[in-house]
Amino acid sequence: MISQEEFPQDLCDAGGLDCSPTRKQSFGEYSRVPLDDNSDTPEISDMDTELIFPLMETKLYKRRWLMLFIFSAYSMSNAFMWLQYSIIGDIFMRFYNIDSLALDWLSMIYFLTYIPLILPVMWVLDNRGLRDVLVVGAAFNCIGAWIKTGTAHPDMFAMTLLGQFVCSIATVYILGIPSRLASLWFGQKEVSTACSVGVLGNQMGIAIGFLLPPILVPNVDDVDELAYYIRIMFYTSAGVATLLFILVVIVFQEKPELPPSQAQAQARSTPSDENSYLSSILRLLRNKPFMLLMVSYGLNVGCFYSISTLLNRMIIDHYPGEEVNAGRIGLTIVVAGMAGSLLCGIWLDKTKTYKQTTLAVYLLSLIGMIVYTFTLNLGYLWLVFVTAGALGFFMTGYLPLGFEFAVELTYPESEGTSSGLLNCSAQIFGIIFTISQGKIIDKWGTFAANIFLCIFLLIGSVLTGFIKSDLRRQKANLQQAEVRTVSPTGSESSAKDYGATASSVHWQRQS
C-alpha cells in the first residue's frame, strides 16, 4: 500500500507531472468524485494503484443501430395513431356527429393519460429495465389499434375513444426512452445523435399522421363509403402495430454485454439503494437548473402539441376545402423538424454546447412562431408552407436538445426519470394550450390564438437563459479521460500502466 503523501510526489519526480493542489484533487477514486458543485472534492482515500482511475472496458456493438431502428419504428406507429383523427377533424366530426372539443379529446387523451402514469412507468423502467418497458408498451399499442378496427361506425365514438386511450398508455412507455436507449447502447461521441434518431421515429409517425389520413379517408358525403375508408386506415395501422410488437418481443435486447462509454460503465458499477427511485425524483426536483429546463421544455413542446392538434382547424379557417394541404403543411412542419433534430444532435456531439444550442433554437422557435402567426391569414398557401416549415425546423428540432441537456444536468440520475419529468411537463402544458387555444380560436380567431402561444414561447426563452450549464455527464467522461497521461518517454499510457509506473518508482525509492 502506498501512502497518500508519498505517491503524488513520486509521480511528479518520475514523470514531470503537474502536482499542484488542484491537479492532485483529481487523483482519487473516480467513483468517489462528486458531480455536485456544492460538494467539496474529497482527499485521496486510497492510493493503491489498482484503484486509481479504474478505466473500465467499453465496446460499441453494431447491433445498437438495430435496437434504435426497432424503437424508432414502434414509436412511429404510436405517433401516427395520435394524429389520425385531428388532421381530418372536420370529417370525423361529421362522421361521429361530435363537436370540436370531443374531437380534440381524441388527441388530448394522450396528454392526460401520461400525467398520472409516468411515475409508475419510470419505476418499472428503473427496476425492470428497458426491454420490459418496450414490450409492455408495444402490447398496449397493438391492443389499442385492434380495438379501433371495430369503430368505423357513426355510433362507435365511445369505443374509438377507448381504443385511443389504450394507445395513449403505450405513449407513456415511449416518450422517455430515446435518451435512456442512447446512453445504454451508444458511445460518448454519438449519444446525442442517437437520441435525435430516437426522437426522429416519433416525428416520422407524426409526419405520416399528417400525410396519410387525408389521402386514405377522402371527404365524401356517403357515410357507408366513408366508413369503408376509415376501416382501411384502422386495419392498416393495426397490422403495422402487430408486426412491430412481434419484432420488439423477438429481437430487442436490454443492453450490451459491455458498456459503450466510461460514464455508463460507472453508472453500472454504482450500487443502487432501495429508495433510489424516490430519492432520485426528489434530487431532480431540488435541482434548480433542471426545474427551469422542465418548465421551459413543457412550454415549447406544449405549443407544438397544440399546433399539431389544431392545425386542421387553423388551415381550414383561412383556406376552406384544403384538408389535404392541411395535412401536407403538418408534414412539412415535422419533416423540417426531423432535419432540425438530426442536425442539432450531430452539432451537440461535435461541440457539446448544450445551453448555447438550446437557447438559440428556443429563440428561433419564437421567431418562427411570430412569422407564422403574421403570415397565416395573408391568403398565400405557399407562404404558409414556408413559414410552417421554418417553425417546425426549430420547434420540433428542440425536442432532443431538451432530452440531452436534461441528462447532462442530472447525471448520474436515470435518463428515463429526467426524460419522464420533461414529458410530464409537456403533457400538462399541451392540455392547457390545446384547450385554451381552441377556445380562443372559437371566440377571437387564429391570430389571437397564435399570439397566445408566442407569449409563452417568450417566457420559455427567458427561463432557458437562466439555466446554469452544469454538464455533469461531460465532467464524468472528461475525468475518465484524464487517466491517459504522458509517460517519461513521451508516449501515452493507460491507467493500468500509470499505476504500474508509480508502483515501480515507489519500490525503487524504498529499496
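Cβ coordinates are placed from backbone N, Cα and C, and glycine is handled just like the others.
All TrEMBL annotations are machine predictions without curation.
Annotated in TrEMBL:
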TRANSMEM  65-85  transmembrane segment
DOMAIN    66-472  domain 'Major facilitator superfamily (MFS) profile'
TRANSMEM  105-125  transmembrane segment
TRANSMEM  132-150  transmembrane segment
TRANSMEM  156-176  transmembrane segment
TRANSMEM  197-216  transmembrane segment
TRANSMEM  228-252  transmembrane segment
TRANSMEM  290-308  transmembrane segment
TRANSMEM  328-348  transmembrane segment
TRANSMEM  357-374  transmembrane segment
TRANSMEM  380-399  transmembrane segment
TRANSMEM  420-441  transmembrane segment
TRANSMEM  447-467  transmembrane segment
REGION    487-511  region 'Disordered'
COMPBIAS  501-511  compositional bias 'Polar residues'
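Restricting the average to the domain 'Major facilitator superfamily (MFS) profile' (66-472) gives a pLDDT of 87. In this chain, the transmembrane segment (328-348) lies close to the transmembrane segment (197-216): three or more C-beta pairs between them fall below 8 angstroms, excluding pairs fewer than 6 positions apart. Of the Cβ pairs linking the transmembrane segment (380-399) with the transmembrane segment (105-125) and spaced 6 or more residues apart, fewer than 3 are under 8 Å, so the two regions do not touch.
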